[in-house]
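Trainee: Take a look at this one; I'll ask things after.
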Amino acid sequence: MMEAGGSRRNSIELVGVKTGTAMPAEMREALHLRGLVPAGIEDFGKQEMRAFKQLMSKTSNLEKYEFMATLRCMSVNLFFRLVLNHFKEVAPIIYTPTVGEACLNYSYIYPFIHPSKTSVGLFITLRDTECIDTVIENYRNTMAQQIDPEIAVITDGSRILGLGDLGVNGMGIPVGKLQLYVAIAGLNPARCLPIVLDFGTNTQKYLDDPLYLGTRERRPDDETFYAAAGTVLGALFREFPGMLVQFEDFSTDHAFGLLDRWRNKAMCFNDDIQGTGCVILGGFISAVEQAGIPARDQRILFVGAGSAGVGVAKQLVDYLVIEHGIPEDEARAMFWFVDSRGMITANRGDRLAEHKVYFARHDNGDTQCATLEDTVEYVRPTALIGMSTIYKAFSEPILARMDEMNPTARPIIFPLSNPETKAECTFEEAMRCTGNRVLFASGTAFPDYTVPETGEVKVPGQGNNMYVFPAIGLGSVLCKPERITDTMVFAVAKALAGSLSEQERARGELYPRIERIREVSAGLAAAFITQAVREGLAKETHWIEIVESGMSGGEPDGAASIGKYARRVLGEVKRLMWAPTASVEQYIVEAAATENPDDI
Ligand SMILES: O=C([O-])CC(=O)C(=O)O
Ligand SMILES: [Mg+2]
């Protein structure tokens, strides 16, 4: 096994380097390392402890992010063991909120070391789209063993979180999302492809910044954008048939435009529209169940009327119609919106953007509310949903009013803007101002809150799409639906609400504890696959058989039985999820079998 010479020897050396302090004695001998490395021979657990200690010793979150990014280049295996085994601490570093800070600084912290092959993503400029086949060929040549990617997360950096147009710096988002795909959904890291469409930026600061890494020009017009994006997507779907594309953080119009153009043609979804909608719906279902008033008595005030907010509200309407039998007109009348000009009404005097018309109020008579405060007094909401990216828009007086106005029902307050610097309020504020009664979900991660009087620790719900996109993606990658339908996404939202444990429910939580996210995601993926099979859209016949074997027992039809069918699928989903290798011996066997140990 240890003979030297040629690429075999190189491969063994690489394995040796990758195992680091875990390198077995005979490998050290064979590689002539006697005297060159410390004596201690460790297992992976020890390495993980040391890495975690080093990580935690960094004082700023950005330093922690950089540490993780470097670790990822050095050992995929160690990186993911750290993420998986310390998810609660590490997720906010590699993902939101720190990833936002990392994107803002992307051009400054870009590493000097060459990234490991698996972390290579695609940076595609407008010029590159003219020779897209070469770009894909180049990517292929970097891939070990020529395995095709099974998922791409793609952005053009034009609307990164709530931070705006960051251009190429937005690459941190597809990278971070895919790291969560591996940790949460067990996708193989070697088969994940982050892509940024570097078509320029309209942010002058970057155009003027000598260290900006992207294309130094303004963004193209719509026609050029759609043609160029179409060239890239067409090539990706052609070259990697069966690959899932997740659209991420495109400016709102393009997000909807791309989704409309591709959703019926290929396996794709938009995380900010469908993923965010799904996770909010899941949390909302749980909140409505716990609020203490009938669903149809909810009065829901949305703050921020971008198309994402409106899209989310429409999903809530569908839910109220389908699950609570409320007629659509009545369900729609349970919603109010506030934008920068105040409450959205049909007679406000301005021309409403197309997407706002559906929810514009017609029953306000002469009343117009110019501010959120006025609208709250007028609507007397039971639920306040923030998608405004306005920091502290839910001021303490507004939160206190939500408490006073809802003496019997528990107020629902969802500050969903992201990252923390854009959040409408914090968990601590919402708890304090509502006598700890709030049913809370935020877009960013907030710390736990200890109730001063009782010492009870309250855990904030994180209505972040990380609860669902990994499951939608995993489900898609496994059963390969011809397309991803709203009803498949709806099945995931319902399964998410259904995934709360007895204790979580008793504590008034709206989402399962983050530590359980991998297990929960497997269940959600199973619900997705089951629904895809039921809709006749799953192309992997393997799943059709498994789902049908579960259905053949004569169980009742209908959405409520999805969970039951899904359980039969769950075992198979779990079996197929990737996990980092825990034993050094196994790792060496795997690494020796691959051309490129960087990938494991
Ligand atoms: O990345 C996140 O944390 C959630 C998300 O998709 C966004 O805010 O665009
Ligand atoms: Mg996003």
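Please read every residue number as a count from 1 along the shown chain.
Note that Cβ sites are derived from N, Cα and C of the backbone, with glycine treated the same way.
Not my notes, these are from TrEMBL:
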DOMAIN    72-263  domain 'Malic enzyme N-terminal'
ACT_SITE  TYR95  active site, proton donor
BINDING   ARG159, ASN418, ASN464  (S)-malate binding site
ACT_SITE  LYS177  active site, proton acceptor
BINDING   GLU248, ASP249, ASP272  divalent metal cation binding site
Trainee: If I take the Cα of ARG159 ((S)-malate binding site) as reference, which of the recorded positions LYS177, GLU248, ASP249 has the closest Cα?
Mentor: ASP249
Trainee: How many Å separate the Cα atoms of ASN464 ((S)-malate binding site) and LYS177 (active site, proton acceptor)?
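Mentor: Rounded to a whole number, the Cα-Cα distance is 12 Å.
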Trainee: Among the recorded positions ARG159, LYS177, ASP249, ASN418, name every one whose Cβ is found under 6 angstroms from ligand 1, counting any of its atoms.
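Mentor: Only ASP249, ASN418 meet the Cβ criterion.
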Trainee: Of GLU248, ASP249, ASP272, ASN418, which is closest to TYR95 (active site, proton donor) if I measure between C-alpha atoms? They're all binding-site residues.
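Mentor: Closest by Cα: ASN418.
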Trainee: Around the Cβ of ARG159 ((S)-malate binding site), how many other Cβ atoms lie within 10 Å? Please give the count over every shown protein chain.
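Mentor: That number is 24.
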Trainee: Tell me the Cα distance separating ASN418 ((S)-malate binding site) from GLU248 (divalent metal cation binding site), rounded to the nearest angstrom.
Mentor: 14
Trainee: For ASP249 (divalent metal cation binding site) and LYS177 (active site, proton acceptor), determine the Cα separation and express it in whole Å.
Mentor: 11
Trainee: On the 0 to 100 scale, where does the mean pLDDT of the domain 'Malic enzyme N-terminal' (72-263) fall?
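Mentor: Per the prediction, mean pLDDT sits at 93 for the domain 'Malic enzyme N-terminal' (72-263).
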Trainee: State the Cα to Cα distance, in Å, between ASN418 ((S)-malate binding site) and LYS177 (active site, proton acceptor), rounded to an integer.
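Mentor: So the Cα of LYS177 (active site, proton acceptor) lies 15 Å away from that of ASN418 ((S)-malate binding site).
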Trainee: Enter the number of other CB atoms within 10 angstroms of the CB of ASP249 (divalent metal cation binding site).
Mentor: 25
Trainee: Would you kindly give the Cα-Cα distance separating the residue listed as 'active site, proton acceptor' and ASP272 (divalent metal cation binding site), rounded to the nearest Å?
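Mentor: Rounded to the nearest whole number, the Cα-Cα distance is 12 Å.
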Trainee: List those of the recorded positions TYR95, ARG159, LYS177, GLU248, ASN418, ASN464 whose Cβ lies under 6 Å from any atom of ligand 2, in sequence order, or write none if there are none.
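Mentor: Passing the 6 Å Cβ check against ligand 2: GLU248.
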Trainee: What are the non-local neighbours of LYS177 (active site, proton acceptor), defined as same-chain residues 6+ apart in sequence with CB under 8 A from its CB?
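Mentor: Within the chain, LYS177 (active site, proton acceptor) has Cβ neighbours under 8 Å at TYR95, VAL153, PRO194, GLN246, GLU248, ASP271, PHE469.
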